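Student: Below is the structure I would like to discuss, written out as structure tokens.
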Amino acid sequence: MSSGGLLLLLGLLTLWEILTPVSSKDRPHFCHLPHDTGPCNRNTQAFYYNPVYHTCLKFIYGGCQGNSNNFKTIDECKRTCAA
């Protein structure tokens, strides 16, 4: 790659770093997982972080398995992922 191409790449990476919100860099990786109801049928209200809308949303959790993007309260979701 030519020095001009490397300079362009460096400039684009720098611009991307500047434009990426700090909060999304510090957010735990599991906050970007889709909500997962799991295979059980307990059907309890839970909350997950939606990275597209940058907010916590309600969903019905089956009560077992699923993933870590699963919170008992909206406040817990906000403290963990939306702060």
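Every residue gets a Cβ built from N, Cα and C, even glycine.
Worth saying up front: this structure is predicted, and the values here are computed from it rather than measured.
So Swiss-Prot says this about it:
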type     : residues : note
SIGNAL   : 1-24     : signal peptide
DOMAIN   : 31-81    : domain 'BPTI/Kunitz inhibitor'
DISULFID : C31-C81  : disulfide bond
DISULFID : C40-C64  : disulfide bond
DISULFID : C56-C77  : disulfide bond
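Explain the structural surroundings of these features, please.
Tutor: Within the same chain, residues at least six positions away from C31 (disulfide bond) with a Cβ under 8 Å of its Cβ are Y49, P51, N69, T80, C81.
Spatially close to C40 (disulfide bond) yet at least six residues away along the chain are G62, G63, C64, Q65, judged by Cβ distances under 8 angstroms. According to DSSP, C40 (disulfide bond) sits in a coil region rather than a helix or strand.
Counting only same-chain residues six or more apart in sequence, the Cβ atoms lying under 8 angstroms from the Cβ of C56 (disulfide bond) belong to F47, Y48, Y49, N50, F71, I74, C77, K78, C81, A82.
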Student: Tally of helix, strand and coil residues over the domain 'BPTI/Kunitz inhibitor' (31-81) according to DSSP?
Tutor: 10 helix, 15 strand, 26 coil
Student: Of these disulfide-bonded residues, C64, C77, C81, which scores lowest on Cβ atoms within 10 Å?
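Tutor: Comparing Cβ neighbours within 10 Å for the disulfide-bonded residues C64, C77, C81, C64 has the fewest.
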Student: So what's the mean pLDDT when you look at the domain 'BPTI/Kunitz inhibitor' (31-81)?
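Tutor: A mean pLDDT of 97 is what the predicted model shows over the domain 'BPTI/Kunitz inhibitor' (31-81).
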